[in-house]
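Have a look at the structure below, then the notes.
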Amino acid sequence: MHRVASAGNTSNSVRPRKEKRLTYVLNDADDTKHCAGVNCLAVLKSSAADGCDYLFTGSRDGTLKRWALAEDGATCSATFESHVDWVNDAVLTGSNRLVSCSSDTTVKVWDGLSEGSCIKTLRQHSDYVTSLASAEKNSNVIASAGLGGEVFIWDLEAALAPTSKSGDATEEDCSNGVNSSGSSLPMTSIRTISSSSNISLHTQSQAYIPVAAKGHKESVYALAMNESGSLLVSGGTEKVVRVWDPRTGSKTMKLKGHTDNIRALLIDSTGRFCISGSSDSMIRLWDLGQQRCVHSYAVHMDSVWSLASTPTFSHVYSGGRDLSLYLTDLATRESVLLCTKEHPISQLALHDDGIWVATTDSSVHRWPAEVRNPQKVFQRGGSFLAGNLSFSRARVSLEGSTPVPVYKEPSLSIPGTPGIVQHEILNNRRHVLTKDAAGTVKLWEITRGAVIHNYGEVSFEKKKEELFEMVSIPAWFTVDTRLGSLAVHLDTPQCFSAEMYSADLNIPGKPEDDKVNLARETLKGLLAHWLTKRKQRFGSQASANGEAPPGKDVSTRNLTGSRVEVDGNADNDSAVYPPFEFSAASPPSIITEGSQSGPWRKKITDLDGMEDEKDMPWWVMDCVMNNRLPPRENTKCSFYLHPCEGSTVQILTQGKLSAPRILRIHKVINYVVEKMVLDKPMDNINSDGTGGQVTHPALGGDGLFRTGLKPWQKLKPSIEILCNNQVLSPDMSLATVRAYIWKKPEDLVLNYRVLTSR
């Protein structure tokens, strides 16, 4: 998968740096639903008797959502959008603070009761952040862990404190103590850890650095902390449970017993007992005082991914890869199958007398669980005694005594939308065909972010064949569906390689032979709201850094020594043409980064005009604000034009011709007719007669044909153009002929002949 964070080299590097990418994520209709698997759940109980409880969900679509819960349903009341990759875990601390972690390597702190505002981004991890843990009675302490084997303990009060700006540091980000020049910040004082849980390191510039619990050599997938925050347990691919003192980051013990990855951990309020779930299908109960495993429970047939315990720690709910949710009495070893799902269970959260279940599907369901009195479930019958060896459950299953689920239907469901699982970029490089998890096939127009056809449940392969066009346009964007949606990636300068004539885009009021750069117009459409806001704030002369001095250009330091093209259509550079107008009803989200901030994500309609070169790539702003395009590959096509064998008609051509790749064959026909019928002197040909480059007004430049001739269809005599003895359609472009008919690396050779009759 592509990591969105693509840090360039330092400004004084002699190597060409990789420019930052801009990605836009398309939304189809209902943005109040998740469109990918839900990885985490957190319940916020109302303190008021008649208040509303909230459920927070974090998804592989990169967003978190807050659901207002009622007896008969749930309503999405906010979307938290800032992460640029999967949201892997979320915890609630204090009265309303939400903390989330992501595969984008960040931990984010939010106001859980806001409309989705991110308070702070904590950038300390070097790889995916997979797990979080919080202390119920100490809202100031959280822990985070990830694939890099890193475990950090955060003092939120210190982490959220305003920082004095130093170098390129930004107030919103709390980074890893390295400033923009790459040098470490000077360490001048260390605030020691005490029982007051003030967990922090401070530097001269007040940049906060969390406590690191060092010991894991491999990835960490699970964390848990006791309610006072005095004990932390972690587990991962090393198959051991590690126990830490969060106040110092020191290891206190290591517990062995599992034979595969540890995926879930719980710890009781006192810190005496710990429960672990593993990919070896086992659940283990550990006595931390005795530093040993006191019970093993063979309940599941496959990996255990999630655990939740009753408040008294007497019973445990478990779910995992075997699609099953079990309830187990830790004392009697009695287990019962509560329900089965269609997808692996990724997370559990208790709520009153029920349990919320998240899966790799985009929907979330609440099931009855009798949390206050779990024995009621066992009274329904169907229980079995959990073995203590992992193969015992498998043997029971083979003997035909598979448990029957107690509950058939959930008590409440929050539906999601099916994520996109398959896609194909069509040859016209404007349309993408997709298939979602429900089998629905849709056609997207990515230059305006809209679904233009919903074909329903049809064969994806057949529809792809149906929509095939023999047309060649450069690959100016790439696509992935990792977030369950279409994410369109634009990289400079490749994205500026595709052009079309305005006539082919049906742009009204624009000369039909004007060339339109697809990426430039798409960027204009995406940032139209931003540009309007910016002009309102700074006036029409506003520059990219927020200042408005006359003549100041965007990022001149980046442009020195490089060839920059200014689009000839600058007189109308702010107009957004209809094929590039993005919907305000379901606007796409932008994922990008600038020179100082890390990657971020935001709806295009939420941009406020304050974003500048620190936040967005300079080349994007230069294109939208200054109408400039970076140096591009040659957009011309060289070819030879010869009469067909046996033809008596000859026209004067002295060597190789050159024209835009998008030039249509009917322009070549016009060129032949002009030379044959009008017999005009070729004043504009500057050839040395040795087969050098030849450009003619009918072909070169902007592709205009200015001789005053009637359209090609009405010309007499009639001309045909051939390639490899195949008659070419007048609507074909030179690039298409080269790709599908010529199929050789050498310069294209075209032949012409006169038709005796139409």
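Residue numbers in this text run from 1 along the chain shown.
A Cβ is built for glycine as well, from the same backbone N, Cα and C atoms used for every other residue.
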Correct range for region 'Disordered' (source TrEMBL, candidates 120-141, 538-559, 560-581, 626-647): 538-559
Long-range Cβ neighbours of the repeat 'WD' (213-254) (under 8 Å; 6 or more residues past either end): 127, 130-138, 140-141, 143-153, 193-195, 197, 199, 260-271, 274, 276-278, 286, 288, 291
Residues in the repeat 'WD' (80-111) grouped by DSSP into helix, strand and remaining coil: 0 helix, 20 strand, 12 coil
Within the repeat 'WD' (122-164), residues counted as helix, strand or coil by DSSP: 5 helix, 22 strand, 16 coil
